[in-house]
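Read the structure below first, then the notes.
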DNA sequence: GCGATAATGTAGCACTCGCTTCATGGAAGG
DNA sequence: CCTTCCATGAAGCGAGTGCTACATTATCGC
């Protein structure tokens, strides 16, 4: 009974490994996802990772799911305010993406989507869910505009594009983000 | 003398291989870039690819450079008109990116940038040049706006983001592109 | 024709990858 | 004490990677 946390059972150990891997991926990116290297960094062996997760694909999926849960917790704090216009939302999210706590998540998600774009399994499946979750969340954060509804994918495209370009060529988008946010704000002004 | 084209020399053969590889990559994407698989598909051996290019990195760089040249030829046809506003430009480029001739190029460049974002050599170096070339070209296509100059990277971010999302989740951006172009057009209207 | 040089095939090296097999340790239960 | 089962380590398999060493053929200048 009292062993529930003191002596974690199989599921507990699996969770602990997933947690350690998630933290590592958030810190160092998805490039770390080789079984041996990952195992060494989280203090176990490739043998054990397969033992607890069954396959590398299941491991990756599990770790990314865990990262998703962490992010959704973070985002709940930002989902408190009232819905806003697309321009205002973009400004908020681009600012949010520069928060050192949130930035690792943006980088990981963009990396996932990039690998999905290259057709790499199992990231293609994960990416579908990530995109669905993001668009759903964006949809809840936007003021509904019956005349000219903003497709959440439009804002997601911008965020992903800016993040991707910033990862590939650091510094190349420092002016782009604010300019885009302001441009959409101007469009907001003419929309109503 | 007459052998210049009939019996290609070393450089000629190298060029022919690069051309074949470029066509293949445009058709099937960068996933094809393993030495053995690539060699088989262009009718030679990995041994010969290394012989003519020296290393895989040099091969990749050469093939991508050739793809870049092909694209710049294509884009010259679209660079004839007068400079336009950011919104108009985005509309043109997003339309251009759906042209079946241009689309493979967009996908390859986005894939290159995505691999660069993941830190994969030699794509990181290539991506820097690609981004520089794109921003330079975009810069020449935009009406200069002294009040609120549009950073070319802003438009490039959108194009890359839309392309990436479309590659990862086909169909997810069908409404996003037009909406974004129109939003920037509205912003144009308020800019002058 | 002959020797040198360039072009190509064959085999293989050293490595990484995801994953498996075998063996061992060690704790729980009868 | 003995069995039984879970957790883990060590080694290795088969496939893949970029690349190389060696041998062979083809070609060209003499």
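For all residues, glycine too, the Cβ spot is worked out from N, Cα and C.
A TrEMBL annotation is a machine prediction, not a hand-curated record.
As annotated by TrEMBL, DNA-binding region applies to B:34-53. Averaged across the DNA-binding region (B:34-53), pLDDT in this predicted model comes to 97.
Among the features that TrEMBL reports, domain 'HTH tetR-type' is placed at B:11-71.
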DSSP tally for the DNA-binding region (B:34-53), helix/strand/coil in that order, comes to 15 helix, 0 strand, 5 coil
